[in-house]
Amino acid sequence: MNIFKRIPIRVRLSFGLVGIMTGTLLMASGLGFFPNEQEEILRGRNKLCESLAISGTAMASTGQVESLKVTLESILHRDDQVQSIGLVSVDGQLLVSAGPHRVLWNVSSDDRMTHMQVPVFRFGKQWGEMQVVFESTGGTLGLNYWAPAWLLIVLIPACLLQFSFFLRKSLDSLDPTGAVPTHVAETLNTFSVGLFLLDARGRVIFANRRLAQYLEMQESDILGKSIDSFDWIFPADAPEERPWNESRRTGDTVLDRNIQYDQTGRRLTFSMNCTTIGKQGSFVTFDDITLIEENKFELAKARDEAKSANEAKSSFLANMSHEIRTPLNAVLGFTDVLRRGLVTNSDEAISHLNMIHTSGAHLLELINDILDISKIEAGRLQVESIDAPLDPIITGVADVLRERAKEKQIELNTQFLTDLPRSLKTDPTRLRQVITNLVGNAIKFTDTGEVKIVTEMVHTTEGQNAIKIDVIDSGIGMTEEQQSKIFESFVQADSTTTRKFGGTGLGLSISRRLTEAMGGELTVTSEEGIGSTFSIWIPLSVDASTEMISPVEIERKAKQKATENHSGLTQVPHQPILVVDDGEANRRLIELVLSRAGAIVSTAGNGLEAIEKISESDYSLIFMDMQMPVLDGYSATRRLREAGLTTPIIALTGNAMKGDREKCLAAGCDDFLTKPVDIDKLLVCVTSHLGEADPCIDSVHLEEHPSNAKLSPALIAPPATRMDGGTTPIHPTLPMDDADFRAITSDFVGRLDSRLAAIEQAIGSKDFETVRCEAHWLKGAGGTVGLGVFTEPASALEQAAKRSECEQADRLLAQIRELHARVVIPATDTSGQPKPTVTQALENQVVDAAPRGLGAIHSTLPVEDRDFREIIIDFVIKLDTRIIEMRSLLQEHAFADLAEVAHWLKGAGGTVGYREFTSPAASLVEAARNEGADPCQAALQEIESVRSRIVVPELDPACD
């Protein structure tokens, strides 16, 4: 019934009209009004058979059998409808035949149109029969036997199509209701709600355009349908009586009934109102409230989630109030004990300091967890994907946490079951954080037995490769219920776990989200009282070209690493490396570290010098500072890449903001290191690009080259060559009786000739940018080596170059040359007096006294090594000159130059082990770029405060 109601009304009318016409034709045929061609054919065939029987009887009785046969064959050829004729005796013997009668005659056939037989009599008795086989005239499926068949076959579909077309056109030309004028219908079509007009029987007599869109039907296809025929969806608690029937029955308006309808791909929700129009019908409106209902659902869902989150965070804060107060109380309490001098001996003081350190580390761990989960929930967590070796991450975590495991008298071991790729695409920092968190948890919850980190490469059920890292413990384990909720934020296994073991309940949540952010998965299996296994799955792409490392080699590397950690620096291959940096302290430090590690190191002061050196020699690795005078690192790297150089280039920059790494890589660099340079990261970077040192080969080179290149030999000239007609000689303010200071100053004086020649050439070619850069170098370097007389004319030359004043530049250059000629450096120490120590010499240049209450600052470099001490001292000498220079630049509001000097300090300070300079120097760079005098003054004062607290190591007099 529902299918019939879905058929358009014009089609139903067409079927009705065709049915009426068909019935009329059948009635006419039954009454004989149609001529029957088949009956006429049958009569003719009967007459033919009678004639054959009569003539056959006469000829057969006279013995004219041959004549009979000729007659029959003649009839067969003349009449196409006759297929065969036969005269058969009573006993069934075929006496005479024409055509293949034996084949065609079917004794069992009862078809009177094709098989006819007429009895033949002789002497009043039947002695045989005449049989005739005719061609069938029934046509396809025997339809010719029924007179009106073909007429109906043609007439029914033709009339159905014509009636449907005619009715459609007629309905289109008529007003749908006859009661709704066109202008009223157009007005109703503008309504934003769907609208039905129903007749007294509930059939649709008008539907506006909006409702047709809701129902995804044509308006004309809706007309005439019962409103009950649509697939409405009512709420489960809705009354059985439909709203429109209720309105028609009661005569009242039914308001705000919710009803739904399934549109393609979406369920719509309507607010429906029904109003009766007397006894003639009803007026039904449908207001689409789908978005409102969806928003209500989402709002309720969000409200429930927020409620759950608030409950979890409230519980978390309650735990944290205890977790944070406990270590904080320890820090404050033991600090107060030390402050009041209540300790009785140094061992007790050290014990209190260790407790303060442990509590502070725990407090920092809590705060880091809170910050990490805040970043994750705010969507600000970022992970990178770079090539990184896996085995050092795992063994490194084990090395760091092994001491904690020993404190609990449990074992912490690593095991590598299969070959692993030498590197994989991941975020090494975040992966290390996840493994550290899992292993730390395992140690925390394990009192006896061991914790084991098992790593292998596996094939997943999806047919992909993956790295699987299992952290297995023999701790307290968990129930299935506890396992289902431990990855939720602010949740631990239960409240007793929080009370007994402490913690934020954030670690596992952070670990899972970090793992998923890296494209992996974190799972857990556990048995209460037996232990737990946390598994990290990291997808991996492996092909024939992937370089693998075996478990045996991993173990050998770990042992070698342990030996190196005990003995000193990681050793690198004995290969040539070029270090390009305009900061001498940076160059000397990196050169020293790499030389001690086994490399062959060359240096360059700018990009142009680097290109010249690379064109003359081959290097296995290049460290390139990005901000340098003459030619910066970005431009130099691009030129080298355009020239076809494939040597790895590592960017060195003090900029560590987001996007700096991408900028360096876009310029052609292969890797990225930030200043201040971390020695361990520097050596790891070298080994990642050049491989690890072969102990059997590189140890030979280390014996041949036991130290880095020493300071340049002093370029000492007799005093007479430095004098100019009786003018007063200029002596450096540094202690020249110290061989190291004497060497540094001599190196400066020796290089000054070529630098002044370069300035003269640049003035002649009006290359004022080169003049400015060289003058800027001289302005700082002169004071650094104790020749402050160069500072003022060099500063004036720099300003003249900025204004492109050629004549002024020439005059200033002549003045500088005159000063250069007067510089005198003593060849040896002839005073016979005790040499002042380096610390004493530097005390005269200290900016301010160390503020009370602030401790001394020592370099983190190994100051017991003479070469490192030389680098630190050189930096401090230059620093004092640069501080004076920064003060002058701030007074002149030369913010661009001030930012440049501060940028140098930001990188150089940390490089030589004074990382306390990094933050205030970065603040000064930012303030100078914003041209804020007051912020610059505050940052500079902080730098001077740090300078007053640094401790400068002394050179060992016995080594001079």
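Quick reminder: no glycine exception, Cβ is built from N, Cα and C everywhere.
Record note: among 12-34, 610-632, 679-701, 12-34 is the stretch given as transmembrane segment by TrEMBL. In TrEMBL, the feature coiled coil is placed on 292-319, out of the ranges 40-67, 292-319, 740-767, 908-935. Separation of the C-alpha atoms of H903 (phosphohistidine) and H776 (phosphohistidine): 14 Å, rounded to the nearest whole number. Around D625 (4-aspartylphosphate), taking its Cβ as the centre, 26 other Cβ atoms fall within 10 Å, counting all chains. Counting every protein chain shown, the Cβ of H903 (phosphohistidine) has 22 other Cβ atoms within 10 Å. Here the domain 'Response regulatory' (576-690) has a mean pLDDT of 87 out of 100. DSSP assigns D625 (4-aspartylphosphate) to a strand. Secondary structure from DSSP puts H776 (phosphohistidine) in a helix.
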